[in-house]
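To start, the structure under review is shown below, and the notes come after it.
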Amino acid sequence: MQGACVSIWCVCICVSVLLRSAISQPPTESDTYTECTDGYHWDLQTEHCKDINECDTIPDACKGGMKCFNHYGGYLCLPRSASVIPAPEPAITPTESNPCPLGYEAQDDSCVDINECERDEHDCQPSQQCINTLGAFNCQCPDGYRKVGTECIDIDECRYRYCQHRCVNVPGSFSCQCEPGFQLAGNNRSCIDVNECEMGAPCSQRCYNTYGTFLCRCDQGYELDADGLTCKDINECGFSSFLCQFQCVNEPGKFSCVCPEGYQLQGSRLCQDINECETGEHQCTDTQTCVNIHGRYQCVDANRCQEPYVQVSENRCVCPVSKPACRDLPFSIVHRYMSITSERSVPSDVFQIQATSVSPGAYNTFRIRSGDENGDFYIRQINNISAMLVLARAVSGPREYTLDLEMVSVNPLISYQGNYQTSSALRLSIYVGPYTF
């Protein structure tokens, strides 16, 4: 006599309980079997062992507020919040026509597994994949889904922080996205910095990559515009009027200083007068003397002595006492030349007069004999032998003054008929330039 065989397939507590029937092997044709394993009783009608529902037959089978759940061959006491998903109904036990267990079929003298998936003898949903197992089959959900009961539910992978930056869940899968300035790494989850400078960042001049972004910078002489991308020229000339001595010229990215005609740039900002008389850049004749002045030159006659004066040196004229016309004229005239700038601050010392020889006991005074009709100058005597020509008010050029500065000497020690008096003059040609430097 063969014994009964009971199989419990699966029990899940708290979340679900999956039950599989216990199948007793049938008796052979010549045996009569009426005994069953504990938890089963013999059913005369079906002539099979049938499960006993202890939850109905045992009074107060579960205590302490627990709920009774029957299963094949026994019962479970579970919390009332628990649920049970029953297993499929047990298949018909082997009969004389199919002596093999459920999920198998007779082939020659042995039992072989039935592939329910190939025979389409399964209840998997169209979205599920049927997986054959020994004596049964499983319904498997696609990747990205999990099985809840008989349904396949999408797995929200974004809940598990798979992505470094942003995660976008889609049915059955997910995708990672990066913040601006980053791109997905080879693992499709991490984000790495993008070097925008190597990818054509719209900086007009210089680009510096930073983590997640980039910065635009400008060359010297330019400044970043409000858009943070474009560089615009800085007008350095508008910052200060002292950048250049004469004139500032703005250029793209820089500035330069220029000087007026007759001057040359010294260094980067100062203007220096060109001495055309020394460089030979003049057109004076052999009978003329070149006199350099601010920004230009002047050609004067080599002999500027006028009657009754006679030339005794290159720039000195003497009026002989033997000539009657010399009686009321300075004994000698010395020619000098100088130039000053326009709008010179006043009062301003211009030229110092110095006596070259003085007689013992002589008393000297200095005055402007001629050439200052408008009172632009005055004399400030320093001592008995020197005086200073002072500019009294600002003058603008181009303009030329010819001043006769006279030194009158009175010597009481030499007395023929009263005090002895003599004088000498300095003829000073002053050229006022057109510029203020």
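Cβ from N, Cα, C; glycine included.
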- Scan CYS178, CYS207, CYS216 and flag the one TrEMBL records as disulfide-linked to CYS197. CYS207
- On average, residues of the domain 'EGF-like' (154-192) score a pLDDT of 93
- Query: By a simple count of other Cβ atoms within 10 Å, which of CYS197, CYS207, the disulfide-bonded residues in the record, is least packed?
  - Reply: CYS197
- Task: Give residue numbers and ranges for long-range contacts of the domain 'EGF-like' (113-153): same chain, 6 or more residues beyond its ends, CB-CB under 8 A.
- Result: 85, 101-105, 171-174
